[in-house]
C-alpha cells in the first residue's frame, strides 16, 4: 500500500508499519567491515595502554590464587544467566525474545569494563585477568548455560556460537595487554604516560561505539516495550548483584567495584554476532535491537557509577594523605591475606 511504501523502503524484506528488516547491501557490508576493523585496532591500542597499568607479579598472583577471579566467574556465568532467565519469566516475553536475553546473559565480560575500572580506581590486575578468563571460559560455559536455560524456549542446537569471534576477542585482548605488561615492566615511567593517554582515548571510544552503533544500526527501534524494560533492569541488576556478591565474599572495596563492572558489562558485540548467525530475518525483527539497547544502558549505568564514585572521592577523600594511604594499605593487605590476593603498588 501507499502508506507502507512511505514508511518502509521498497527493498525491505519484511514490512510492518515503520518496522523493517532490510537486505544487506554491499555498501552496508563494506561500511561494517571498515568500522569493525578501525574499532578493533583502536580497542587493541586501548587494551595495550590498560596493560601498562598491570604489575606482572600481581597479575600472576591473581592467576595463582584466583579467589577474586572465582568470585567473578560465579557472577559472570552464575548470576547473569540466572538473572536473564528470571527476567524472561517475569516479563513473560516471546520465546525468541527470551533466547536473545539469555544469550546476552551468557556472554563473557566486555573490554569496556577495564577502562571504567581504571577510572573508578578498581583493581586493574583483577579486571584484566577476569575479562581474559571469562572470554576463555566462554568457549565452554556459553554452550552449557544456553543448554540449561534455553531448553523451555528453543532447541539449543538452533543457536550458532561463533567460536572464531570468541577466539578473536581473546587474541585482541591478550596480545595488546601482554605487550602493555612488558612495557610497564621495562619502562614504568613511559607506561604511566601511555596509560593516561589510553584511558582518555578508551573513554571516548566507548561512547563513540555506542553512538555509531545507534546511528548506523539499520532497522526499527520499535520493539516490544518489555525488551526496553529488561534492557534497563538487566545491566543494573548485574552491577548491583556483582558488587554484593563480591562484598559477601570478603573482597575489599576496590575489588568489589571491579567485580561489579565485570559482571554488568557484557560483550554485546558477541551477542549481536550470535543473534545474527542464529535467526531468520522474521525472527530478528522481534529482538535484533536488544543487544544495542543493553549496551546503551550498561554504558549509562557505568557512567552513573563513575560519576557517583568521583563525587564520593571528592567529598570524602580530599587529599591522599599518608594516614589515608596507610589505611588503604592495611585494608588491602588484610584482604589480600584473607583472599589470597596481592597488594597493588598503588597501595604500597
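Glycine is no exception: its Cβ is also placed from the backbone N, Cα and C atoms.
Note: TrEMBL annotation is automatic and uncurated.
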Given the ranges 271-291, 292-312, which one is assigned the annotation transmembrane segment in TrEMBL? 292-312
According to TrEMBL, which of these ranges is transmembrane segment: 6-29, 126-149? 126-149
Examine the transmembrane segment (292-312) against the transmembrane segment (69-91) and state whether at least 3 Cβ pairs sit under 8 A, considering only residue pairs 6 or more apart. no
Note: vs the transmembrane segment (69-91), the recorded stretch with the largest number of Cβ pairs under 8 Å from 126-149, 161-187, 227-246 is 227-246
Using a Cβ cut-off under 8 Å, which residues of the same chain at least 6 positions beyond either end of the transmembrane segment (98-120) come close to it? 43, 46-47, 50, 53, 72, 76-77, 80-85, 87-88, 127-128, 130-131, 134-135, 137-138, 141-142, 145-146, 149-150, 153-154, 159, 166, 169, 173, 195, 199, 202-203, 205-206, 227, 230, 234, 257-258, 261-271, 274-275, 287, 290-291, 294, 298-299, 302, 305-306, 309-310
Report, as numbers and ranges, every residue of the chain located at least six residues beyond the transmembrane segment (161-187) whose Cβ falls under 8 Å of a Cβ in that stretch; write 'none' if there are none. 40, 43-45, 47-56, 59, 108, 111, 128, 131-132, 135-136, 138-139, 142-143, 146, 194, 267, 270, 273-274, 277
